[in-house]
């Protein structure tokens, strides 16, 4: 006997009760007791001890710990990693960067011991070229933050009575060693400096650089102004202010945005893409924080002008896009980098909580999907660059949002960070960066910022003010989370000549335009404020969706013949419904009661994660290799397409000089007619390719600078351009991971003359007949657009295709364990309904699978994906 459907009233009651119970459970799970916070805080302390103890035991006095090798990384003794190594200056970087973290974590004995070591062991006059930006934020900031802490403890009379401002003297010495970088006609600093010889000295090995990033030039004011006010020497603050003045004057007046890279001599923009991530991030941060630290309205006025432009052009909640500074309505890339995760925290300081909550929730959903924030991810939340360096920016914004809202949800977010670090990054000798979040393979790297920032923010997140040895609200965090006292503006007034005059700025003002909102008073005890905003982005990436669609056929969803309650749920999936008019209703068969007709246009396109990367090879063909050594390589999305060149490219290889190919090619004459080897890093692939093409190279092999990477453990990827047209690049370009690159460079060192073939893997010599690479499979994209629009199919040449499909939704008796009617998706091609019994796309109920599995589909122009699946919207 067939059971009748439950009544509409009863179903509605059940639905409301289940929603209420779920809401209560959700609320209960978000709260956190003091006991729980204590347990997590103790766990954070144990993790810090593990990381810091491993550095001190296995690496000190080296700059960094190599956590997989259990030894220190000393510059010059390990394989060169390009620009990454410019953070290392043989000045015990991790120790200096960690000093004030020891105080925040109430490890005062360890702090005093570490200060003694720094004073006695650290030298700052080493003959080494370092990044001005990294040395400023990590070492100068570390020395200043530690001096402030040491001076405070000394004044309390409890410890550090022996301290005589040694760290401040070291900071002043380092400041003078960085000053030669500012000796330019513009006032914008050189990106690199030799700690012993400066910039223009013949022994300095630097000074040929012409470009610097906006953040590199604009992230000096906090440390340099603090140094000036603590030492009484105005020269540091003067130079930092001048650099900021240049960046402000060179903003694009129409959009009020700045570019990413600028020429330090002629002040012209080299890269005009504008965002809030890598290359620009801390410039905006330092404008706001310079106002807080120094009390100078000039910095706040400038920040507010930039912020209005960011919110107008770059912020598309929950996304933060990159746009062209001269044409800001044009997005220049389809991915975001993880450094922008700091921005919600800066928005909290600005008092703009709604977009901060939106972007932070998006970032949290990405971490739930990939365990960590990938170094770069697409606007569809797929991996663009899978590396994760244990960056702290997401934890930083989590801390700010908790302090501003009091919402315990952010404690749970912090707890997830702690758990994932322990589960996926912890190794016997510390914590290791993740080479690719998709594979979980570790990298022999633990950057100093992990100790300087990550543990500081996590510990503060789970601590009450009374549990801290200092009043944290009396300090401003630098971009490296070093602590500078906000009292500097009153106790240490500006040095003479450091008052920046500026024309008045006129703009729309809001509540926070000329104030520094307190994190404690924004929205006290009102967690529902943040929750109502977050809920709209809860299932952004598809992870944890409340109503999961079953394979292909149906969605579990209560529905009544005469009611429309589920519409909001469907709308959240990008599907709109409307009742049929009477004319259309009359054409429906009687046994299809409850059917709605939907005209759906699904966007079908390749995505960076799903598209097939055609493997290429570098085949060594000269004696003694004779084709037997074949190295797997990745292709590029620009330059010569080797799949269309029958015999690939043959040539001799030669290292470019400089090896990164980011400056003038000094061995251009030798490179002419050769295949150039170039190291990844310092600048974009396209910039390297253009320089090498101009030098006369006939092809380029890029080699990864991430030590230990290899094609067996890391997925191949296609190199992308720099956001601009790359039609001018005609060279064939391939990419080798580090381990394969080492084979090639070793062969070159041993045999001097090495000939290679660059070609698709399927055509390598000795592989049999040439085979064309298979076409990439097409997948239904996550966006459902054009519902109810009669849009004809359109298939452009670039593979992105929109396909019209008719979808019917009908009531069906649930057969997989849940009582009550469900909504069933029925796909049709034209007017012909694709029914289950036709068995062209679905397995039969008799297959014995629960739920039914997919069958392979026959080839058809209407195939939705390579395996016959209609992918649900995430």
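We count from 1, first residue shown onward.
Including glycine, each Cβ sits where the backbone N, Cα and C put it.
Now, the feature entries from TrEMBL:
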SIGNAL    1-26  signal peptide
ACT_SITE  134  active site, proton donor
ACT_SITE  281  active site
ACT_SITE  375  active site, proton donor
ACT_SITE  393  active site
BINDING   479  Ca(2+) binding site
DOMAIN    656-742  domain 'PA'
REGION    837-874  region 'Disordered'
COMPBIAS  855-866  compositional bias 'Polar residues'
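Recorded features from TrEMBL, shown on the structure.
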| residue | record | Cβ neighbours (10 Å) |
| --- | --- | --- |
| 134 | active site, proton donor | 23 |
| 281 | active site | 25 |
| 375 | active site, proton donor | 22 |
| 393 | active site | 24 |
| 479 | Ca(2+) binding site | 25 |
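In the domain 'PA' (656-742), the DSSP tally of helix, strand and coil residues is 19 helix, 17 strand, 51 coil. If you take the Cα of residue 375 (active site, proton donor) and the Cα of residue 479 (Ca(2+) binding site), they are about 18 angstrom apart, rounded to a whole number.
Checking each of the recorded positions 281, 393, 479 against residue 134 (active site, proton donor) by C-alpha distance, the shortest gap belongs to 479. Separation of the C-alpha atoms of residue 479 (Ca(2+) binding site) and residue 393 (active site): 9 Å, rounded to the nearest whole number. If you take the Cα of residue 393 (active site) and the Cα of residue 281 (active site), they are about 11 angstrom apart, rounded to a whole number. When pLDDT is averaged over the domain 'PA' (656-742), the result is 88.
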